[in-house]
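For reference, the structure discussed in these notes is given below.
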Amino acid sequence: MDKGQQLNRWEGYRDWRNRPALKGRHGGMLAASFVLVVEVLENLAYLANASNLVLYLSNFMHFSPSRSATMVTNFMGTAFLLALLGGFLSDAYFTTYCIYLISATTEFTGLLILTIQAQISSLKPPVCTSVNRNISCEEVHGGRLVMLFAGLYLVALGVGGIKGSLPPHGAEQFDEHSPHGRKQRSTFFNYYVFCLSCGALIAVTFVVWIEDNKGWHWGFGIATSAILISIPVFLLGSACYRIKIPSGSPVTTIFKVLVAAIYNARVPRNSGNAIANMSTALSCTTEASEDEQHGRGKAEIQSATEDLKFLNRALMSTSASPWLECTTKQVEEVKTVLKILPIFMSTIMLNCCLAQLSTFSVQQAATMNTKVGALKVSPASLPVFPVLFIMILAPVYNQVIVPIFRKLTNTEMGITHLQRIGTGLILSIVAMAVAALVEMKRKRVAIQSGLMNSKEPLPITFLWVALQYLFLGSADLFSLAGMMDFFFTEAPFSMRSLATSLSWASLAMGYYLSSVLVAIVNDITGTFCQTPWLYGSNLNHYHLERFYWLMCILSGLNFLHYYLWARHYKYASSRPDDQKEIQITNT
């Protein structure tokens, strides 16, 4: 290959046929647009069932409200946690291109199983005709329960792989060495959340209406068709994708540096030699491939930084094992990963609040008057409010708010990733306070109308619950797009898919934390009260408002924790426009 062809290549990338990716032919907004269309279909398939699943489990599989909520949070948590597996495999052994195709096929299989179960009556428990909320019906069990869980968790496995591969695949299409490319990448993440919302809008309106009025087998069937259609749509963009070459396990690098640092700290040695070895290691030029240098967009690291100095011990020469020999580049990459972990941990509580969108909030609305004029609306369609707000706010944020702040701050970013995430955390605190006040009003109406034990709708509109959805939807827009952009941009080149998956892992941990909080609250309150706060088949006897106030307090404490880490965080980027560091204190 001549020099001109070499200069025209995207180093570190290949096309779908494993040939060198070429500038002007591969990557760019056209390639990313296929990803955005696929995301509409993928999220439609996933959210069509996830948003309404708590009612399917309670009304058709006859689980209690609290167990249904826990099952949904565990299912959604598992799906998002498996994004780490998808991201890891994309970075280490396969590509984002291959992982998406494998994962979409897996999700299709799981949805097909759920569709069959919903269609055939013998695969479901007997219909329950009781009109009293306090009387429990026969739960699904045996082989039917196995089939339910097989379908759900095949879907979870597929969703996890897609979430771990699709966003980084889209982000990889842009040239990060130019300001225009970096701005386009930031725009991509913003519109990725917008497309999530487009799929969600169809799911929580049209598909949910189908499920409630035509049958769940139709709803599952539509979701199955959507994920099936997404596969050829994704393949249509193959000719213009640039695909990052897998560079081996990033987990191995992290593990090696940590083990080497601990080993060198514990092994006794001559202090003079130790200092000499450390000095030599710190001054050596780091070995790095051309692809990795180009992909990261930085000059080779010549010396170790003073942050997390303990890890610099990994650079000491050792005769114990050649495997423990680490380069400065590897040490600095591990430092970068460790520094973003506190930010990741701080977002878990926010996603614990978001978990309420598909659990208790839906069940609250199900007890209320869901009519808007002559139209009866499904409680599972409540997410239409945050979805519509996100669809309006996303382009406004990208086209109006960001340009204004770029002029005000004279920086490329305008609003930093950490400022955006912090805004989402504050909105989640407000959302939980609003949710507690709305629940207090709902229960007051139930008591006054004498409908505490009746399945008759309460004389209060379900639109009250929409208030908490609006705040949580706004929090989701700010936090999710901010997290994905932050983790992708800050992570080392070889770990970007895995790092981007931390956004979904945060969602997973939030859903799991919600389940754990429900269990802990029930255990503690059951000790001091006649009945636990969140126990039984009748939501009207729950103390859900107290639970929401507890979430509000915990979210406030979490924001203080986030603030302490964010205000001292130093961005890893060395781009000129980013040298002028903007801390969250400027918000």
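Cβ from N, Cα, C; glycine included.
Copied over from TrEMBL, here are the features:
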| type | residues | note |
| --- | --- | --- |
| TRANSMEM | 27-48 | transmembrane segment |
| TRANSMEM | 68-90 | transmembrane segment |
| TRANSMEM | 97-120 | transmembrane segment |
| TRANSMEM | 140-159 | transmembrane segment |
| TRANSMEM | 189-210 | transmembrane segment |
| TRANSMEM | 216-237 | transmembrane segment |
| TRANSMEM | 337-357 | transmembrane segment |
| TRANSMEM | 377-397 | transmembrane segment |
| TRANSMEM | 418-438 | transmembrane segment |
| TRANSMEM | 458-481 | transmembrane segment |
| TRANSMEM | 502-521 | transmembrane segment |
| TRANSMEM | 547-565 | transmembrane segment |
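Listed stretches 27-48, 68-90, 418-438, 458-481 were compared with the transmembrane segment (502-521); the greatest number of C-beta pairs under 8 angstroms is found for 68-90. For the transmembrane segment (418-438), the list of distant contacts is 343, 346-347, 349-350, 353-354, 356, 361, 364, 464-465, 467-468, 471-472, 474-483, 486, 545-546, 548-549, 551-552, 555-556, 558-559, 562-563, 566, 569, 582-584, 586-587: same-chain residues at least six beyond its ends, Cβ to Cβ under 8 Å. At the 8 Å Cβ threshold, with sequence separation of at least 6, the transmembrane segment (68-90) comes into contact with the transmembrane segment (140-159) through 3 or more pairs. Listed stretches 140-159, 189-210, 216-237, 377-397, 458-481 were compared with the transmembrane segment (27-48); the greatest number of C-beta pairs under 8 angstroms is found for 189-210. Contact between the transmembrane segment (547-565) and the transmembrane segment (337-357) holds: at least three of their C-beta pairs are under 8 Å, each pair 6 or more apart in sequence. Just going by CB pairs under 8 A, the stretch in 97-120, 140-159, 337-357, 458-481 that sits most against the transmembrane segment (216-237) is 97-120. Of the candidate ranges 97-120, 337-357, 458-481, 97-120 has the most C-beta pairs within less than 8 angstroms of the transmembrane segment (140-159). Within its own chain, the transmembrane segment (458-481) is flanked in space by residues 189-190, 192-193, 196, 347, 350-351, 353-354, 356-357, 361, 364-365, 367-372, 377, 379, 382-383, 385-387, 389-390, 393-394, 397, 420-421, 423-425, 427-428, 430-432, 434-435, 438, 441-442, 445-446, 449, 451, 503, which lie at least six positions past its ends and keep a Cβ under 8 Å from the stretch.
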